[in-house]
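Read through the structure below, which is laid out as structure tokens, and then see the notes.
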């Protein structure tokens, strides 16, 4: 959809939106842009897990999720992060709606590898009808990084991968993957642009590592699907642009 911007909010931004972030969203909406927000909540999940003396383990940047962890993740994403983000946006006169009952119907997922990751999903399909209905009414949908499989089981999904799938399904003009760092760093400097053909080598050489791997992989997938721009950074305007080439 023309004029659609998908914003993935993660890290510190997922706990508290800055005034600059709110102002930029307001400007885009005033200019006729339609916005979808996808969020993670790793910091809150880590805190809740720590309070319960439960271990946190990641493989290739993805959180290993036991079935018993899911209520905690739901509490963090739906009960805390998503609710707070939606309240902040609405308080700033940005009409928003947190997807709760519609989330599983919108995000269809399946296990990535249950033996390795547990209840971690990969997106199989995004049912866009409800999202399009909200966007047509000038409402910002707010999606937590969760989905359901065919058996109705809840799966934890990496928020970068989910945002990429949403952007691709809506054929958005831009995807922004917000994080706590300014962009992809090489020799302590932000790379202004990375071409899709350079990604494999930068992963092999360790320039792209840890939690940045799923961000870059989702960015590449999104660019190749026809989405105009993918930006990785700590704000809505600057960072590392992922481009086809």
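Glycine too: its Cβ is placed from the backbone N, Cα and C atoms.
Per Swiss-Prot, the substrate site holds 41, 42, 156; the candidate it also names there, chosen from 63, 83, is 63. Taking all protein chains in view, 28 other C-beta atoms sit within 10 angstroms of the C-beta of residue 215 (site 'Transition state stabilizer'). For the pair formed by residue 41 (substrate binding site) and residue 8 (site 'Transition state stabilizer'), distance between Cα atoms is given as 11 Å, rounded to the nearest Å. Neighbour density around each Cβ, counted as other Cβ atoms within 10 Å, peaks among the recorded positions 8, 63 at 8. Proximity of residue 42 (substrate binding site) to non-local residues of its own chain (separation of 6 or more, Cβ distance below 8 Å) is seen for 10, 11, 14, 63, given in sequence order. You'll find the Cα of residue 8 (site 'Transition state stabilizer') roughly 10 Å from the Cα of residue 215 (site 'Transition state stabilizer'). Annotated pair residue 215 (site 'Transition state stabilizer') and residue 156 (substrate binding site), C-alpha to C-alpha distance, rounded: 16 Å.
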